[in-house]
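*Asks:* Once you've had a glance at the structure underneath, I'll fire off some questions.
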Amino acid sequence: MNESESEIQARLLAQALPFMQRYENKTIVVKYGGHAMGNPELGKAFASDIALLKQSGVNPIVVHGGGPQIGAMLNKMGIESKFEGGLRVTDQKTVEIVEMVLAGSINKEIVALINQTGEWAIGLCGKDGNMVFAEKARKTIKDPDSNIERVLDLGFVGEVVEVDRTLLDLLARSEMIPVIAPVAPGRDGATYNINADTFAGAIAGALNATRLLFLTDVPGVLDKNGQLIKELSVAEAHALIADGTISGGMIPKVETCIDAIKAGVQGVVILNGKTAHSVLLEIFTEHGIGTLIVP
């Protein structure tokens, strides 16, 4: 006899109950970006996942990126994107547009999606409540011919140096869901554009989050046969980088996970944001759907 839709929902809720209890009153930081952000249906599924986490007693915090949207706006305004060593150079005019797109446009779109579920989301960036302070990022690149490292001047690209959790602690005790754009001030008065992955890691570390989820366009970390690795320790992750199993763009992603764990996060997950309801599938099922990296 086939199950009705209501029977299926009841069964799934019963299976999820132990995990709801496990994460009750725990903080989960979700870095939202990639393909999921540009797909309206996936966006709605993401918003409903965040709402259900809140309704289940979890303290969810969303950090988002927006690289493609920034590039599109710069093109629209006739501003050429400049890159050094594969990284965007952010001059004064560009950082103003970055802040406008991240904190003024994308942030409010995500807030609106969550609010449509009946929950209350609030849009923030690192400037609000002096939550995050940054400084100019120090990046170097090695010249392939001379093997000499040179310092890159990326303008107003920053890295987090301080997180004050006061505002986030206040929001955790309220009904509000923080949605945070990775823009922050420096002690020098400048505004800095910060990589969303590292920004999310800094927030999660400061809060000693139970989980940090990175929604990406890939299933997670794959072994040499292309199979998903369900769980890795920090030591195992280092070994897989050393032997070439983890390569290319996955290296900085995994290194960010490791940094977050060193900062105090209990576990970091790389998962596929192109899967509908990926957040719930990761948190409220026994084996999850991504790669969990633990100390």
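First residue shown is number 1, and so on along the chain.
Each residue, glycine too, has its Cβ placed from N, Cα and C.
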*Asks:* Starting from the substrate binding annotation in Swiss-Prot that includes G66, G67, R88, which of N147, N193, N208, N225 is the extra site residue?
*Replies:* N193
*Asks:* Given the binding-site residues G66, G67, and counting only Cβ atoms in the protein chains shown, which has the most within 10 Å of its Cβ?
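*Replies:* Comparing the binding-site residues G66, G67, the most crowded Cβ belongs to G66.
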*Asks:* Reduce the DSSP letter at N193 (substrate binding site) to three states and note it down.
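*Replies:* The three-state answer is strand.
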*Asks:* Highest Cβ count within 10 Å among the recorded sites K31, K253: which residue is it?
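*Replies:* The residue with the most neighbouring Cβ atoms within 10 Å is K31.
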*Asks:* Would you mind ranking the binding-site residues R88, N193 by how many other Cβ atoms sit within 10 Å of each Cβ and giving me the lowest?
*Replies:* R88
